[in-house]
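Asks: Starting off with a structure, shown below.
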Amino acid sequence: MIDWPNVTASSQQELGLKPEDLQKSKCVLGFIPVIYYSILLCVGVPVNILTAVALSRLASRTKKALYYYLLAVTASDILSQLFIIFVGFLLETAVFHRDVPILLLHSVSAAEFAANHASIWSTVPLTVDRYVALCHPLLHRQISYPARARKIIGVVLLLSLVSGVPFFWWSDMWRNSNSPTALDTVLIWMHVTIIYFLPCSIFLVLNSLIIHKLRVRQRQQPCQEEGGSKIASPRLLGKTTAMLLAITSVFSVLWAPRTVVVIYHLYVSSVHRDWRVHLAYDLSNMLAMLNTAVNFFLYCFVSKPFRGAVRDVLLLRGGPLYPQRALPHPQAPTNASISSLYSGNNKRSQRDFTPLSPRRARKPS
């Protein structure tokens, strides 16, 4: 949520304050936020649109729920950039200078919070899906499919829209010189709970369980086979799990400063009065909005299929998702889900004592 700069449209008589009480904190950064958000918008919207097209191709080709969840996160990031950065900050603040009807301001505020909630909470079903895939792979194959993923995404978006309605009465921190009211306190705590504390708690618990499960499996996995060849332990983590950990970690880091500053503003010092809190709030908002533009680069760094899909989109071609190659084992299932990294302890134990080379594999007589 981007708040408007520290300007006032009220006179001393309207506020009923002494001249010394009307002294407001100055915006130390000047026009730097306007330049920053303009660059972020010009970079973030195109890369998110490219991400959406690439994920749409992957979703249609693989029919995996994972890509539908990532597509929902990307679409929510686009909405956040349009409502918060473009409409809320650049248009209303830098262009119109808040010279817009108050009803429109509050309506845009509610839309900004709804888009922000959707951007963050779309990651929660993705985290749950990864947890079920790694810790309960058989259950994951039964319950994770595109139709159910689309229903879950629809519910998340609907709840995000409803959760943005109370913030129609969100108080403008930059202009409000009075102490926070009881309504302000409720809305601020509701905001930090929905936007940070609750989703981060879910991320922390599920990611901890995922990492613990992977470590247990790694300890159970023998370090060497009979032939002396060592099994590559870094592959235990998996690309999709690494992507999930990167997304949730980046979100937790980028949104933490804003959460702290909002609570500090509520109980210690107002943004309206202290230029240091004003500066901290500016910087924390800039960091928080950076989260809407970094997922593309995380996907490119982690996922080879995503890089291939992006390359196909940029080159305007619709090639196959994976290069055609002969399977070393004709009896291997072609529709096995890659969302789970392991197919069970029984199969793994058989592989541990079966020679890897197909030349040595013999059929029983």
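Note: Cβ is positioned from N, Cα and C throughout, glycine not excepted.
The annotation transmembrane segment is assigned in TrEMBL to 34-55, 67-91, 149-169, 189-211, 242-267, 279-302. Annotation comment: TrEMBL describes 47-299 as domain 'G-protein coupled receptors family 1 profile'. Residues or ranges marked as region 'Disordered' in TrEMBL: 326-365. Annotated compositional bias 'Polar residues' per TrEMBL: 332-347, in sequence order.
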Asks: Is it true that the transmembrane segment (279-302) and the transmembrane segment (67-91) have 3 or more CB pairs under 8 Å, sequence gap of 6 or more?
Replies: yes
Asks: Who are the chain neighbours of the transmembrane segment (34-55) in space, where the CB to CB distance is under 8 Å and they lie at least 6 residues beyond its ends?
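Replies: Beyond its ends, the transmembrane segment (34-55) has Cβ neighbours at 2, 67, 70-71, 74-75, 77-78, 81-82, 85-86, 89-90, 93-94, 286, 289-290, 292-293, 295-297, 299, 306, 309-310, 312-314.
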Asks: Take the transmembrane segment (242-267) and find every residue of the same chain, 6 or more past its ends, with a Cβ under 8 Å from one of its Cβ atoms.
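Replies: Same-chain contacts beyond the flanks: 73, 120, 123, 126-127, 130, 173, 180, 184-185, 188, 191-192, 195-197, 199-200, 203, 207, 210, 277, 280-281, 283-285, 287-288, 290-291, 294-295, 298-299, 301-303.
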